[in-house]
Amino acid sequence: MTNIRKSHPLFKIINDSLVDLPAPSNISSWWNFGSLLGICLGIQILTGLFLAMHYTSDTATAFQSVTHICRDVNYGWTLRYLHANGASMFFICLFLHVGRGLYYGSYIYTETWNVGILLLFAVMATAFMGYVLPWGQMSFWGATVITNLLSAIPYIGTNLVEWIWGGFSVDKATLTRFFAFHFLLPFIISALVVVHLLFLHETGSNNPTGIPSDMDMIPFHPYYTIKDMLGALTMILALLVLVLFSPDLLGDPDNYIPANPLNTPPHIKPEWYFLFAYAILRSIPNKLGGVLALVLSILILALMPLLHTSKQRSMMFRPLSQCLFWLLVADLLTLTWIGGQPVEHPFIIIGQLASILYFSLILILMPLVSIVENHLLKW
């Protein structure tokens with residue numbers, strides 16, 4: 001008799017994706033982040049669902065409903081902080097996952113990579129709208145500033161912004177639609193995740209060497225299931241430490257002040273995971289130019305397969321490219337720091353230099369250094 005896991009139509013799909021899936025024998029812990037992102041998504045959907053049961057998307061009661069969740073709902077504070085800090089864990093895993101893809105040349109699988117970029121945009125949109133929901137000062141002003149950027153689009157800009165707002169300012173209509181989209185998007189993300197995995201399983205996983213591993217595969221279970229469980233345990237432990245010891249570490253104190261359209265906070269800034277893009281936006285004095293740079297700072301990832309000039313796939317054996325990669329990481333950390341600083345000297349010039357370096361590294365320096373490495377290896 002055939003094993004039900006291999007004969008049942010539904011179990012067969014799960015078996016081929018999680019149990020009998022052939023995986024390279026040498027993939028390191030950098031390959032753990034896919035499963036960690038799946039766990040993050042699960043945590044966010046579950047905690048979000050329970051929060052939505054108590055939240056009201058009305059400007060008069062939104063702030064109060066979040067206070068009610070924290071004070072009166074059983075373990076409501078846990079749900080709220082798990083959800084808020086879960087988003088931070090989500091982005092930490094996302095950035096590491098994308099960084100792994102850049103370092104080891106995973107972008108050569110263009111379909112998987114492009115769906116991944118779509119996922120990144122979808123998660124960023126979801127996080128932005130979620131930040132607006134508590135209706136604190138930073139929620140309101142963050143929503144006003146970021147949506148207002150669309151007015152830089154020629155001809156249709158102003159109409160587009162008012163259409164998104166549902167009026168002439170960020171108000172009740174905006175909050176209600178943001179809540180609706182914030183609830184809907186994670187399910188769209190889940191569908192995109194399935195497509196992402198579908199494309200990945202067409203080609204199989206890449207590995208640290210970048211050399212095809214068809215001749216040396218091992219079953220996913222038990223080897224990588226146990227490895228993923230260790231990663232999951234580590235991440236959940238880190239999340240719980242954050243939630244139970246310093247839940248407001250990554251938040252903004254201004255968001256504990258109810259939204260007030262008549263009082264602008266001294267420094268409007270988004271959550272930490274958007275600061276690098278925010279710094280790039282602010283470093284260009286022109287509004288439309290800033291918006292284009294903001295979008296391109298993420299969309300530039302789509303050019304990675306075209307900018308790959310090396311004869312080797314991975315950076316594992318390319319020390320010059322490795323140096324530039326870590327320079328890029330340092331540059332992104334610098335941009336993140338600058339995004340959280342006020343717009344004054346010397347932060348303005350540091351931000352502008354870091355932005356120039358960011359685009360130069362990806363578009364010019366890394367492809368050139370790859371060509372140099374090819375010649376050094378006489379390829």
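Cβ coordinates come from backbone N, Cα and C, glycine included.
Annotated features, as they stand in Swiss-Prot:
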- 33-53: transmembrane segment (TRANSMEM)
- 77-98: transmembrane segment (TRANSMEM)
- H83, H182: heme b b562 binding site (BINDING)
- H97, H196: heme b b566 binding site (BINDING)
- 113-133: transmembrane segment (TRANSMEM)
- 178-198: transmembrane segment (TRANSMEM)
- H201: ubiquinone binding site (BINDING)
- 226-246: transmembrane segment (TRANSMEM)
- 288-308: transmembrane segment (TRANSMEM)
- 320-340: transmembrane segment (TRANSMEM)
- 347-367: transmembrane segment (TRANSMEM)
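Projection of Swiss-Prot feature records onto the structure.
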residue: H83; record: heme b b562 binding site; DSSP (3 states): helix
residue: H97; record: heme b b566 binding site; DSSP (3 states): helix
residue: H182; record: heme b b562 binding site; DSSP (3 states): helix
residue: H196; record: heme b b566 binding site; DSSP (3 states): helix
residue: H201; record: ubiquinone binding site; DSSP (3 states): helix
Contact set, same chain, for the transmembrane segment (113-133): CB under 8 Å, 6 or more residues outside the stretch:
55, 57, 62, 66, 87, 90-91, 94, 98, 101, 106-107, 139-140, 142-143, 146, 174-175, 178-179, 181-182, 185-186, 188-189, 192-193, 195-196, 199, 270-271, 273-274, 298-299, 301-302, 304-305
Do the transmembrane segment (33-53) and the transmembrane segment (226-246) come close, with at least three CB pairs under 8 A (pairs 6 or more apart in sequence)?
yes
For the residue listed as 'ubiquinone binding site' and H97 (heme b b566 binding site), determine the Cα separation and express it in whole Å.
17
Relative to the Cβ position of H83 (heme b b562 binding site), how many further Cβ atoms are located within 10 Å?
21
Under 8 Å Cβ-Cβ from H182 (heme b b562 binding site), six or more apart in the same chain: what's there?
G48, T126, M129, G130, L133
Quick one: of H97, H196, H201, which of the binding-site residues has the smallest count of other CB atoms within 10 A?
H201
Residues of the same chain, at least six outside the transmembrane segment (288-308), with any C-beta under 8 angstroms of its C-beta?
98, 102, 105, 107-108, 110, 113-114, 117, 120-121, 124, 149-150, 152-154, 276-278, 280-282, 355, 358-359, 362-363, 366-367, 370
Taking a Cβ cut-off under 8 Å, which residues six or more beyond the ends of the transmembrane segment (347-367) line up next to it in the same chain?
279-280, 282-284, 293, 296-297, 300, 303-304, 307-309, 321, 324-325, 327-328, 331-332, 334-335, 338-339, 341
